[in-house]
Amino acid sequence: MITNKSKYYFFLILIFINFYLINCQEEYPIDQTGKCEPYIGDSQITKCSTFLPNINSIYVSANSTQKDSMKTLDNYFGLLLAVGSEKCKDSSLTYQTLCSMYLKECESFTDNSTLKTVSIPKRICRKTCNDVTKLCNIESLFNCSQNEPINNLPLCPLNYSIYDLSLVNGDSNYELQCYSPLSNDSIEIPVTNYCPFPLIYINSTDHSADEDRGYMFVSGNSNCVVPNPVPLYTPKQWDRLYDLSNSLSVLSCVGTLFLLFTFNILNKKINRFDRMNSLFNGSVFMMSLSGVIILFAGGPRALIKDGGARISVWQDPLCSATGFIFQLFSIAAILFWVVMSFELWYKIKFMTKKLDLKKYYIPFIIIVSLVFSIIPLATKNYRMIRGNMHCWVHTTKLQNSLFWIPLGIAITIGTIFIGLVMFEIHRIVSANSKGGVLKLEIKSILNVALIYLTFIYLFAFNFYMNGQEGVVYGQIESFYQCTLENDASECTIQGPSIGSLGFFIFCIRIYGVYCFILQGLNYRAYNIWKESIFFNNRFVSYIKNNILNIETSSTGSGGTSTTASATTTTTTKKHNGIDSLNIDSAFSKNNESDDEDDYDPYKKSKNNITLKDIEVSKS
């Protein structure tokens, strides 16, 4: 039961609300430069002619011209048509509100005695503005409670705007009702083939088919596609990432080519480990070559097609070829690495037992690598990795089943054998009471650490990117808002840091450099080159003899001369007939100990020169 006291309080509340609403309607100043003029017409993007309440009377002033308003509307229409929801784009209220907010209806008043005229704009009601921003789900992008920048008064009044018209002999407290249009389904909704920069318009009738061709649409009902490279970074930052990929591809390619040439062509005593290394290094070389092919084709930007509208897919020869090469030899390289780990452990564990499984594992590795590489090709699933710079297997399902899971298993098995190798070395050295265990094991430790840790990072980053795809590409609206307010080239979508993607690229392309450091920078490689035809030919001998003659001349007749060659060191004292000392190299042509095991890359030291190798003769 409502008492008289309740009625009294209710009446007071109504009075308070009414008083609040009246006092919230602030008085707007009259701009003396304001005037009414006809609508200048639609642009390519903005179609307001059918949505304005009065196209013959649009408010303009020195601070707000129709051209300025049309530029702003072009941006908002572009955003609306590009990423607006279906219900937002299909409602006439959206366009009526948007057009009338920036092309305000104009009312003019004239003093008949002085013929002075003033013009004032009719603003959109705040409730209408809130309804539209909620309908279009852009409350975070547009605040209906904001103030106008010039007079710092509400852009959208609650009910009406108050003006002082005493200047033209009118009401000093004139109330101009705000504009609140009603949705009208009979009004034709505009259709345009325009997309705001940097989005690109594609005339698509089948989004699913076009997505298979490499396009990525900003929404299911828009023909605007995301540009490539994806604006995760600025163009300058993308260029730095491209340079990193190109440089590492070349370095890895050159490094592995050096190893193949040194240990399989120049090397006069090739052993089983050289042959095994050649299979592994050859696979890494081909992995790196895929990046070099892209470089010579124009760099990673050559994988971007149609002016940045789409990425390369299996139909593009460069993409399918480099993707197939990278997948094929990545699988082969890791399988050869596992076999190398096993054979190294077996030789150290069972020194007297011979093992020859090449006729089994080489065909097996070739078959597995081909199968895992042909499946993506047959299912049309090679494409450029969006937000990256090479082509590879598409879809998470295929990546996991054909690469990540097999690779993880193989890496783990290889790591176990490397661990056993380190254990055996430690056991043997400890049994002989010799120090320097860490020095002996350092290359094995680096081998497992570098390869395994880079794999872990690649694995984690790949899954992170797959999980972030919806988040990254769901920020087109905020990205576009940035382009409205700033230089578009400096606007980016919030995604993985440039450092994390840069390290991902580093891990993919660095394996050839790893191989060169671990295998190519040692005494054995130096000695192979030293004894090769490049340093043992007439031209080099001529240069060496001339240098020695110069050195001999510089010492004078009473001096001491020392001559060093690849095999013999001779020291001669010319006075008093002192004995001369000849030291034959432990690696001379006829040295019986110079066998295959001396060149075993997994031996930790060469045979030492003993006293029996030293001959003392009379000069």
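Cβ atoms here come from the backbone N, Cα and C positions, even for glycine.
Residues ASN203, ASN281 are shown; Swiss-Prot lists N-linked glycosylation site for one of them, ASN203. Of the given residue ranges 556-580, 581-605, Swiss-Prot assigns the label region 'Disordered' to 581-605. Swiss-Prot lists a disulfide bond between CYS99 and one candidate from CYS48, CYS129, CYS136, CYS144; that candidate is CYS48.
Candidates considered were CYS106, CYS125, CYS129. The record in Swiss-Prot pairs CYS36 in a disulfide bond with CYS106.
Look at the topological domains in Swiss-Prot: ASN432 and SER497 end up on opposite sides of the membrane. Per Swiss-Prot, the residue from the list ASN184, ASN608 bearing the note N-linked glycosylation site is ASN184. If you draw a 10 Å sphere around the CB of ASN112 (N-linked glycosylation site), it holds 8 other CB atoms from the protein chains shown. Least packed by the Cβ count within 10 Å, out of the glycosylation sites ASN63, ASN143, ASN159, ASN203, is ASN203.
In sequence order, SER92, GLN96 make up the list of same-chain residues 6 or more apart from ASN184 (N-linked glycosylation site) whose Cβ falls under 8 Å from its Cβ.
Note: the CA-CA distance between ASN203 (N-linked glycosylation site) and ASN112 (N-linked glycosylation site) rounds to 57 Å. Averaged across the topological domain 'Cytoplasmic' (267-278), pLDDT in this predicted model comes to 86. When the topological domain 'Extracellular' (300-321) is classified with DSSP, helix, strand and coil residues number 12 helix, 5 strand, 5 coil.
Distance from the CA of ASN112 (N-linked glycosylation site) to the CA of ASN143 (N-linked glycosylation site) is 41 Å. Note: the Cα of ASN63 (N-linked glycosylation site) and the Cα of ASN112 (N-linked glycosylation site) are spaced 27 Å from each other.
Each residue in the topological domain 'Extracellular' (380-402) gets a DSSP state, and the totals come to 7 helix, 6 strand, 10 coil.
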